[in-house]
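Participant: First the structure, which I've put down as structure tokens, then a few questions once you've had a look.
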Amino acid sequence: MKSSAEIRNAFLEFFEHRGHTVVPSSPLVPANDPTLLFTNAGMVPFKDVFLGKEQRGYTRACSSQRCVRAGGKHNDLDNVGYTARHHTFFEMLGNFSFGDYFKREAIEYAWEFLTRTIGLPAERLWVTVYEEDDEAADIWLNEIGVDPERFGRIGAADNFWSMGDTGPCGPCSEIFYDHGPEVPGGPPGSPEEDGDRYVEIWNLVFMQYDRDAEGRLAPLPMPCVDTGMGLERLAAVVQGVHSNFEIDLFRRLIGAAAALAGLPEDSDNASLKVIADHIRACAFLITDGVVPANDGRGYVLRRIIRRAVRHGYKLGIDEPFFHRLVQPLADEMGGAFPELPERQALVERLLLQEEQRFRETLEQGLKLLEEDLRQLTGAEIPGETVFKLADTYGFPVDLTADIARERDLTLDMAGFEACMAAQRERARAHSQFKVQHGEGEQFEGESHFIGYDQLEGHGEVLALFRDGRSVQTLSAGEEGMVILDQTPFYAESGGQVGDQGVLETAGGEVFEVRDTLKQGEGHGHLGRLREGRIHVGDRLRAQVDAETRWATALNHSATHLLHAALRGVLGTHVQQKGSLVAPDRLRFDFAHYEAPSTEQLEQIERIVNDEIRANRAADIEHMAYDDAIETGAMALFGEKYGDQVRVLRFGEFSIELCGGTHVERTGDIGLCKLISEGGVAGGVRRIEAVTGDRAVMWVQRTEQRLVQVAETVKASPDNAAVRVAQLVDRLKGQEKELERLKQKLASQAGSDLAGQAVDIGGVKVVAARVDADNKALRDTVDQLRNKLGTAVIVLGAVAGDKVRLVAGVSKDCTDRIKAGDLVRQVAEQVGGKGGGRPDFAQAGGEQPEHLETALASVESLVRDALGLE
């Protein structure tokens, strides 16, 4: 009996020996693909290759790709633990051809691997093809020799695959394993196909078409093959078990979880299966850079962790346990995926922290649920309960649904959505929080800012606000504002964004600070309480996020250098009109009467970086406002200053009044790169820039693009601009030559079409489709009118999914037939409209499939216009 590792290795070796490049598994977070939460299929890393956007050094590949299906369109989370084959995490074995081999080889490889390498009996395999795919059917039946009794044709719902609504697509061929008549279920395509007897183990996708927006299929110039076979399913077949949870990959994990729960190692418990599945997904998600969060990928991870923890609680495990399953997982899969043991300590630490946080509210939430269930008169859990569990106790909705399912209950999702809508309404009110927090309730006290010299401190809660109103307590899940008597958090002002970080009670309750705002003389920490409660009078530890503060400081100091450089190059009339100083960039608006030249911008950037390399110290003084102005410090017009001000000086180069946070020396900035310049209003320009590591990355990306362009035009980076100019000149020449050839073709087309003219009542009529652009169509109409004399001409062309129509009528006919009327009647038949002069008119349409019929109607329309039968 082969182990899962042996099956994986056998698959990769089989295809490697047949010219395939073995490609390591990509991370679960797709690179440069915002449309996907996670890598959910083996073809995802090759998506751009299939779309023709990326070239690789091979045309055949194979992989064992780790995948997650939880959240988003593909979500198996709710089914895990209740079926034999659903998983949040699984491995997809796949072989791929990018314009190399096609159906015959793909089918032969699949059959050979299953029947010879793995040794599955042919009489146990059942094959399906797309109902219209005669080519694949012929290969299976007449070349492979599959028994027609174990072969079927299936419709598009199951056996036609597409990457999206448009783009590459094609028929599938699926291979099923028959567990035998003792297992209930029927063959694919039968009414009993959902039974467990026939299990799909391999799907071969033949991408041979390109579907356009109208649903039309055109042959792909480079047909491709994309196959996928779940390792866990194949292992179940090979190891002679009916459930994926009985294979070796899961036995060790289920045994370890059972030991933690004090259960026998061979327990057949759904909760053990859930835990074993979820540790795989969670460990590999963290390995690939996902961390628990309240949105996006991080929230999906949090949901999976909390579902596993709840099942552990259900088994009676009364202490953090989930992280202890990482070691047996690494023992089982670390050989195939070495990145897991490399990051094992991080995975264990994050899982432990997340479980500890959730356990603090898990028991309370379950108690609330039990109380509500005791009062329940029907079979539906109220939406208010579902919402409270999610909002206050951190229960993801699917976790509550899981509990309901175990008790044959359902959720009132309409009621839940109503609660969510009300919360969103409150959130919209919070969006005005920055401008005016609480209409009528303002903080009257004062916060002492201690954050110039330290990023951590302690402060007493002076006030709490929720929904704009002063409250005495904030509870878990609630949004609000916390004001301390002293804080290291910088509050948004002077263009610098407010700090982020956390406030923490002595008991470990965490308030996540997403922004810090001025509230009168106080610093308001705006955010959400993760768990527990905070009361007025509590003493909290305040911790600023050091990374974002430092990145913001780089940009703020660079803003001062930029301001001085602008005044030095463009003139002292330059005044700051606004700014944004954030961790990822700086934006500076300034008064200037024209766009700076390229040379001026280069000079400004050079001066700023000269000052950075000079490594000047940031000297900070507090002095009287008048004294500061007398020393040459710049004050911003419209800004309010007190009697005492803070002056920031970088040598003699820059002296400004500023209350923001900054670097200690200009050299800390590293590099400043201007990335855009433009106008935002009359007499106001805007520059955006990046600093530090982000500036380096921006330069590197730009260099990469230059190298790519140079390679494309076959030149060195130094000569790329000259080469591009040469190519543009050549292109212009070719466009002129193309125009000449179009004229020649139009003349030829006119001669050819003239011979097709039909005489209707003394009028020569031509209606034809001509593949040409608008100008060529017009020229051809003119050619035909000159050749035919008394004539009516209607020409049509298709460009993509659009129709072009041009009509011409000789002047001696325009009293009986108007070109505008005629082309309008034809255009209506192709879903369009148009018009023009009596002797010449144009139109367009949206239904190219009706063009031939529309053109065929021209003769009848001319007869009607001439009054002929």
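Glycine is no exception: its Cβ is also placed from the backbone N, Cα and C atoms.
Not my notes, these are from Swiss-Prot:
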| type | residues | note |
| --- | --- | --- |
| BINDING | His556, His560, Cys658, His662 | Zn(2+) binding site |
Participant: In the same chain, which residues outside the set His556, His560, Cys658, His662 have their CB within 8 A of the centroid of the CB atoms that define the Zn(2+) site?
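Facilitator: Nearby residues not in the site list: Ala553, Ser557, Thr559, Val581, Ala618, Leu648, Glu656, Gly660, Thr661.
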Participant: Hey, does DSSP put His556 (Zn(2+) binding site) in a helix, a strand, or just coil?
Facilitator: helix
Participant: Using a 10 Å cut-off, grab the number of neighbouring Cβ atoms around the Cβ of Cys658 (Zn(2+) binding site), all chains included.
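Facilitator: Cβ-Cβ neighbours of Cys658 (Zn(2+) binding site) within 10 Å number 25.
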Participant: Which number gives the other C-beta atoms within 10 angstroms of the C-beta of His560 (Zn(2+) binding site), all protein chains shown included?
Facilitator: 26
